[in-house]
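Residues annotated as compositional bias 'Low complexity' in TrEMBL: 10-20. Per TrEMBL, the feature domain 'EamA' maps to 78-209, 231-360. Here TrEMBL flags 1-29 as region 'Disordered'. Marked as transmembrane segment by TrEMBL: 79-97, 109-127, 139-159, 165-186, 193-213, 233-251, 263-281, 293-311, 323-341, 347-365.
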Amino acid sequence: MVPCQGGEGDAAPAAAGQEPEVPPGREDGLGAVQPCPAPGVEAAGAEERRACGCCSGMSWPFCCEAPGVKKKAACPGLGLFYTILSAFLFSVASLFLKKIEDVHSVEVSAFRCVFQMAFVLPGLIYYKTGFLGPKGKRIFLFFRGFLGSTAMVLLYYAYQVMPLADATVITFTSPVFTSLLAWIFLKEKYSLWDVLFTLFAVTGVILIARPPFLFGSRVTGIEGSYSDHLKGTIAAIASTLSAASTIVILRKVGKSVHYFLSIWYYAVIGLIGCVIALFVLNEWRLPHCGRDRVFLILIGLLGLGGQIFLTKALQIEKAGPVSIMRTMDVVFAFILQVLFLNHIPTWWTVGGALCVVASSSGTAIRKWRHSVKKAKQREI
């Protein structure tokens, strides 16, 4: 999985921005709701548009459709299909990252940021959001960009030095750490269930890392040396914590900042940081073969496609089912690792994956049920 770290897709507003909330139109004294007027036609002397019967009282033209137009039925399960497609694209991008030779993870991240900027720039111009954002939110946007890009670089490094499935599983501890950080910084509720899910996640990470003081000096089933495996595990955990911090910052900012502006900070700050790091490390070099160059382009395109489909999924489906379905990333990672990398996961990795998936799914289900309960209370 090569996600857009920092949770861009999580709770993202619609791509076209939020429409202003329009109060329902005035009803007749008998309580009958009038049909929508024809487009461009209003009753003479009317101070308010009448309510549309097909849209729960919202006035035309902000309602779902004009009269006489057949309502388009929503496709059931489309949001979950988008989530699975997003997971597949992220996983294939991760596979291409493993196949690249002699290209540092920081350089791959820089190419990814360039693709992000090329995608977001037209949107910023079209929606006239500006490039800096509201004055009171710029510091949050800066840290969102810094932490999000840091998470991306660390995750790419983890993919390069440890098994694909292991790194993917560790990234799925993000919801658990998000709940913990939200409790610390946003004073959100943190129950005994959250403590249990955190313990499950930590157990899963330990089974994947297999530290010698618990599992002995002979650690089998790893890719390369154990020191690289341990470095990759630390990088993956640090990436997860950075991503969780990014989500907390996005919750703090709320809906006052456009989605495109958030990604813009992520891409710009990430690109600047990657360029500085490449000069310091003296690691900048173009791929020596055409295959690696193609892989770099595909990583950018697939990562961007995965973000788009994940965002579309969150726009038409509840966040709970989407979070649960995102665990398909782990399934795809195991399959691709076996088929294309000829690396069969150990039972320790499978056990760790089950612990982490159970933890992240449990956290998602709990948050989902809590949001549904609050929605019902608001309706009452």
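Any Cβ shown, glycine's included, is placed from N, Cα and C.
Away from its own ends, the transmembrane segment (165-186) comes close to residues 1, 3, 7, 91, 94, 155, 158-159, 194, 197-198, 200-201, 204-205, 208, 229, 232-233, 236-237, 239-241, 243-245, 247-248, 251-252, 323, 326-327, 329-330, 333-334, 337, 345, 349, 352-353, 356-357, 359-360, 363-364, 367 of its chain (Cβ-Cβ under 8 Å, at least six residues beyond either end).
Just going by CB pairs under 8 A, the stretch in 79-97, 109-127, 193-213 that sits most against the transmembrane segment (323-341) is 79-97. Between the transmembrane segment (233-251) and the transmembrane segment (139-159) there are at least 3 Cβ pairs closer than 8 Å, counting only pairs 6 or more residues apart in sequence, which means the two stretches are in contact. Within the model, the domain 'EamA' (78-209) carries an average pLDDT of 86. Panel annotation: around the transmembrane segment (263-281), residues 4, 6, 8, 104, 106-107, 109-110, 112-114, 116-117, 119-121, 124, 131, 133, 141-142, 144-146, 148-150, 152-153 of the same chain, lying at least six beyond its termini, place a Cβ under 8 Å from a Cβ of the stretch.
With DSSP classes pooled into helix, strand and coil, the tally for the domain 'EamA' (231-360) is 110 helix, 0 strand, 20 coil. DSSP places the residues of the domain 'EamA' (78-209) in helix, strand and coil in these numbers: 110 helix, 0 strand, 22 coil.
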